[in-house]
Amino acid sequence: MRKDKINVAVLVSGGGTNLQAIIDAEKSGIIHSAKIALVISNNPNAYAIQRAKDASIDTYVVSKKDYTSQEDYENAMIEIIKKYEIGLIVLAGFMVILGNNFIKKFENRIINVHPSLIPSFCGDGFFGLKVHEAALKKGVKVTGATVHYVTTDVDAGPIIAQKAVQVFDNDTPEILQQRVMKEAEHIILPNSIQNISEEMVKNV
């Protein structure tokens, strides 16, 4: 039987502004080849969980500290993902480094949004505000966001989409973070989900 929509799982750790952008894009029809079927958070206090519940999306908390090994932790997530027949996994501010076992199990089916124009300001240690602090310290005039496939090397997978954002002289890391989210991340992440899902639907 042909599937009209790809089931998407979104993995989150924090406030969930990118999750909200995806939810809004699905509601408005920007995303029409995918359905957010599942949200998993490693953080029980993440506001993203409330956003998911408000949108009637099934939500699970799978916290790494509740498991004795990375493998057990990842296997718990894998079981949930399999149950929902997930075709695409989206890391939207997910602050856990996934192991090779998880990544290889879902090869070419995991995407991440990173708040810089890769290959600048990426890799180990570059996350959240640290990315924007580094960009301002370097004095770049343009930064942005990147959506890429997740591979076993951090932030090194094939690039799917990028969008540039201007940097202003009076920017703080917090102001720059908000601009990159609003002008880049919240646009290219939903668009990437739609484009990838559309191709997946064609090939089912």
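Glycine is treated like the rest: Cβ placed from N, Cα and C.
TrEMBL entries are annotated by machine, without manual review.
Features of the protein shown, as given by TrEMBL:
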DOMAIN    7-191  domain 'Formyl transferase N-terminal'
BINDING   GLY16, THR17, ASN18  N(1)-(5-phospho-beta-D-ribosyl)glycinamide binding site
TRANSMEM  86-103  transmembrane segment
BINDING   ASN112  (6R)-10-formyltetrahydrofolate binding site
ACT_SITE  HIS114  active site, proton donor
SITE      ASP155  site 'Raises pKa of active site His'
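Taking the features listed in TrEMBL, we show where each one sits on the structure.
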residue: GLY16; record: N(1)-(5-phospho-beta-D-ribosyl)glycinamide binding site; contacts (Cβ under 8 Å, 6+ apart): ALA46, TYR47, ALA48, ILE49, GLN50, ARG51, ALA52, ALA92, GLY93
residue: THR17; record: N(1)-(5-phospho-beta-D-ribosyl)glycinamide binding site; contacts (Cβ under 8 Å, 6+ apart): GLY93, MET181, GLU185, HIS186
residue: ASN18; record: N(1)-(5-phospho-beta-D-ribosyl)glycinamide binding site; contacts (Cβ under 8 Å, 6+ apart): VAL12, ALA92, GLY93, VAL113, MET181, GLU185, HIS186, LEU189
residue: ASN112; record: (6R)-10-formyltetrahydrofolate binding site; contacts (Cβ under 8 Å, 6+ apart): VAL90, LEU91, PHE94, VAL147, HIS148, TYR149, VAL150, ASP155, GLY157
residue: HIS114; record: active site, proton donor; contacts (Cβ under 8 Å, 6+ apart): CYS122, PHE126, VAL131, ALA145, THR146, VAL147, HIS148, ASP155
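Other Cβ atoms within 10 Å of the Cβ of ASP155 (site 'Raises pKa of active site His') number 19 in total over all chains. Look at ASN18 (N(1)-(5-phospho-beta-D-ribosyl)glycinamide binding site): DSSP puts it in a helix. For the domain 'Formyl transferase N-terminal' (7-191), the model's pLDDT averages out at 96.
Same-chain neighbours of the N(1)-(5-phospho-beta-D-ribosyl)glycinamide site beyond GLY16, THR17, ASN18, judged by a C-beta within 8 angstroms of the site's C-beta center, are, in sequence order, VAL12, GLY14, GLY15, LEU19, GLN20, ALA21, ALA48, ARG51, ALA92, GLY93, MET181.
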